[in-house]
Structures are given as C-alpha cells and as structure tokens.
Amino acid sequence: MADDAGAAGGPGGPGGPGMGGRGGFRGGFGSGVRGRGRGRGRGRGRGRGARGGKAEDKEWLPVTKLGRLVKDMKIKSLEEIYLFSLPIKESEIIDFFLGASLKDEVLKIMPVQKQTRAGQRTRFKAFVAIGDYNGHVGLGVKCSKEVATAIRGAIILAKLSIVPVRRGYWGNKIGKPHTVPCKVTGRCGSVLVRLIPAPRGTGIVSAPVPKKLLMMAGIDDCYTSARGCTATLGNFAKATFDAISKTYSYLTPDLWKETVFTKSPYQEFTDHLVKTHTRVSVQRTQAPAVATT
C-alpha cells in the first residue's frame, strides 16, 4: 500500500518521507521520477510476460545445430547427447525429450541487495530444482528484479543444466537400481555433501534440501553426510547437485571396455611371409692369415 501511495504522489512518493526507503527497495535513478519509472517498468514486465506466453504456443524454431538434429529426429534420446558431451544451449531440447515427465520445485527465493549511489538496489534470487524422478535432475539459479522473472529464468537454466544420474545397488543386484552406486562427494563453498549407498527400504536420510534433489533424481534409498555452513541453502543445493552429477564421472569394473587382443602383423601374416621368403646366400671372404713370430 505504501508503494502504491508513493507512485501516486502520496506521503511515500517522490520528495516525501518514504523516498529513501522506496528508493532503497527498487534502486531507481533520479529523485523526481523514481515512483513513476517503477510503475512503468512493472507494466512493461506484465506485457512481456503476456507476449512470452503467446510465444510459447508457437512452433519451436531451433537456432543451434543440435536443436535442428533433435527436431529432425536424427537424435533419438538425451543419452546420445550425453555420450558425446554436446553442450545443450536450448531448453526446448529438454522439453522435447522430457517435457511431459519434468517436475520443478522452487527451493528458495531470497532478496539480494547492491549498494548504489541512489540507495540499495534489491533483486530476487530464485533457486529451482527440476527432474523427472527417473534419472535426470537439474538445478538453476537466477537473479532478477521481479520474482516471477527470476523463477522463469531459473527454470530455463535448470533445464539447461540437467545431468544424467547413475543409480546402483547396495548389495545384490535384485530388482531395479535404487541407490547411488558408491560413495560420492560434492562441494560448493564450505559445504561438503557425501552420498552413501543404503539398503533397499531405508529411504533418503538427509536434510530437506538434498532430499528434494535426490528424490527428483530418482534415488529411493541413500544416506547423506554434510559439513560446513549448510544454512547457506544455495551452496547446500549446489554441493548436492555436484555430488549427484559425479555418479557418472568414474568407471566401475562392470563398465570397463572389454580388452580384445589382436595379433601383430608378423603373427597375422606368417603364412604370407613364409611363401615370399627368399634365401639370400652370403659369401664370406676369409681374410689372409697373418704370420706371427
């Protein structure tokens, strides 16, 4: 209500007692048009959102080579992209393969401030986790002047950062994979998160933030260990995501490439060498004997 009054030129408007507070909140430039500028910016934001909604209904026109290959059905699955470590620059590629099964959840929205000459400029930072609960998970972080814009940007970045999750067994290989294949560790800042395999039926033993990411990754049972300043939710989530993404960064013996011993050319073409061999006679000349006394 105070902001609306300020925009209308009330007590909290430009030149009024609330000018510094509102200027600190939005960080406008100039003293006379701060309230009106904010109002116009907010209106334009709504217009962009409406036009963006209509644009989403339009047909996807890829702008990258990978996008063209995906749309033309030359690439059949995300795993083909991950196999060759191709960078994904368009979020529509993820929607093309996983659109129906993807679920997103906002982990946190926190205000961040920057000190300027006009006061404090406040923006909103959104942390969004996205996954299909079946081996794919992503984490996006976006900062914007408006909450809705930050969430939309974080969802797009989360789609672009989706990684495959490797799952395994705690003991015997019975049924479907249900836990992490072995102990993995992720780190961000001072936060260190360790994921430990757990027996079937244990569930996810962890704090709420890693639990959401592990559930979205499709991991049913897991022990976790965390140290550092885990109250910093951003670093906590990033460390967990780093640990999950490391499940495919190592090779276990069952993934070792089978060694095939091939014969050397001398062994392979022995018969040919025998047939084409010609005996060369070498005449040895004997040096004359030297008489010794």
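The backbone N, Cα and C atoms fix where each Cβ goes, glycine too.
From a predicted model like this one, the values you see are computed outputs, not experimental measurements.
Taken from Swiss-Prot, the feature N-acetylalanine covers Ala2, and the record attributes it to similarity to another entry.
Under the heading compositional bias 'Gly residues', Swiss-Prot lists 7-34.
Residues or ranges marked as compositional bias 'Basic residues' by Swiss-Prot: 35-51.
Under the heading ubiquitin cross-link, Swiss-Prot lists Lys54 (among others).
Around Lys58 (ubiquitin cross-link), a 10 Å sphere centred on its CB holds 7 further CB atoms from the protein chains shown. Lys58 (ubiquitin cross-link) falls outside any helix or strand according to DSSP and counts as coil. The ubiquitin cross-link annotation in Swiss-Prot covers Lys58 (among others).
Helix first, then strand, then coil: DSSP counts for the domain 'S5 DRBM' (102-165) stand at 14 helix, 38 strand, 12 coil. Among the features that Swiss-Prot reports, domain 'S5 DRBM' is placed at 102-165.
The DSSP secondary structure for Thr252 (phosphothreonine) is coil. Cβ neighbours within 10 Å of Thr252 (phosphothreonine), excluding its own Cβ and spanning all shown chains: 10. According to Swiss-Prot, the phosphothreonine annotation covers Thr252 (among others).
The Cβ of Lys263 (N6-acetyllysine) lies under 8 Å from the Cβ of no residue that is in the same chain and 6 or more residues away along the sequence. Residues annotated as N6-acetyllysine in Swiss-Prot, with similarity to another entry given as evidence: Lys263 (among others).
Annotation comment: Swiss-Prot describes Ser264 (among others) as phosphoserine. In the structure as shown, the Cβ atom of Ser264 (phosphoserine) sits within 10 Å of 7 other Cβ atoms. Following the DSSP three-state reduction, the secondary structure of Ser264 (phosphoserine) is coil.
What Swiss-Prot lists as phosphothreonine is Thr270 (among others). In this view, Thr270 (phosphothreonine) is surrounded by 11 other Cβ atoms within 10 Å of its Cβ, with every protein chain counted.
Taken from Swiss-Prot, the feature N6-acetyllysine applies to Lys275 (among others). Taking the Cβ of Lys275 (N6-acetyllysine) as reference, no residue of its chain lies under 8 Å away while being at least six apart in sequence.
Taken from Swiss-Prot, the feature ubiquitin cross-link covers Lys275 (among others), and the record attributes it to similarity to another entry.
According to Swiss-Prot, the feature SUMO1 cross-link maps to Lys275, an assignment based on similarity to another entry.
Marked as phosphoserine by Swiss-Prot: Ser281 (among others).
Counting in whole angstrom, Ser264 (phosphoserine) lies 10 from Thr270 (phosphothreonine) by their C-alpha atoms.
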